[in-house]
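Engineer: Here Swiss-Prot flags 1-227, 284-306 as topological domain 'Cytoplasmic'. Annotated transmembrane segment per Swiss-Prot: 228-248, 263-283, in sequence order. The topological domain 'Periplasmic' annotation in Swiss-Prot covers 249-262 and is backed by sequence analysis.
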Amino acid sequence: MKISLVVPVFNEEEAIPIFYKTVREFEELKSYEVEIVFINDGSKDATESIINALAVSDPLVVPLSFTRNFGKEPALFAGLDHATGDAIIPIDVDLQDPIEVIPHLIEKWQAGADMVLAKRSDRSTDGRLKRKTAEWFYKLHNKISNPKIEENVGDFRLMSRDVVENIKLMPERNLFMKGILSWVGGKTDIVEYVRAERIAGDTKFNGWKLWNLALEGITSFSTFPLRIWTYIGLVVASVAFIYGAWMILDTIIFGNAVRGYPSLLVSILFLGGIQMIGIGVLGEYIGRTYIETKKRPKYIIKRVKK
């Protein structure tokens, strides 16, 4: 039985040797043929030479190198495209997702699950701000989007070959892998685990990248941000109509002069702000549609060596 580990890497020269050694020395995986697909996402350090060297000595290491940094989501997709295992497991090279969890994922898969999610029962290794913003994102996404995604589940999971083949059929270029992996469906099971500390290096994700990923997740699987502006427009129009009617009656009945420029200026600025926000939301969707229509490849591989 062949298990493929899909491992995106970006400037991870310190972590890769530790990860590789940990996988190869883990006793419970020695009964399986474990393929390791490293995807070098345009690294500037020695990452590429390290994974190429591993591939020379180990035929089960598949090194993929992008021509530039395309991002983690395209890197994951590239790994799924090139993995040949009966089951495929995306995993981070920093070992925050422990190798010890993998046998439990395999066990659930062998029991009949098409996808086995690895759910973080403890995220204390993440900062408080990251935990809180992640919690808000999951709640917002699951309230307005379909399908829902399991809270506190990242990319670390096991997928059957059938699930991966279905994912590979998806043509979109704007990728939100957590949503895509949920969208394909199938019988799903869950294994809980405690996330560990990072073994080496620093995280390559920052607040801006996480914000863009959250936007991608919502715009890829929900039209609610577009639809809500219809209701906002109705509310604003109703308020404006009521206020206009009140001013007319106030002038006719009580003879009060119509109040001057301050209220007019505030109203114009308020409506202008509302319109600009609405245009911005619309622009997010139009921009993503524009990118999709170009049909550019999700990634470009510079080198594939065995």
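Even glycines carry a Cβ here, placed using N, Cα and C.
Describe the structural context of these features.
Structural biologist: Per-residue pLDDT, averaged along the topological domain 'Periplasmic' (249-262), amounts to 68 for this model.
In terms of DSSP secondary structure, the topological domain 'Cytoplasmic' (284-306) contains 11 helix, 4 strand, 8 coil.
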Engineer: Within the same chain, where does the transmembrane segment (263-283) have neighbours whose Cβ lies under 8 angstroms from its own Cβ atoms, ignoring anything closer than 6 residues to its ends? I mean 6 or more beyond.
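Structural biologist: Result: 225-226, 229, 232-233, 236, 240.
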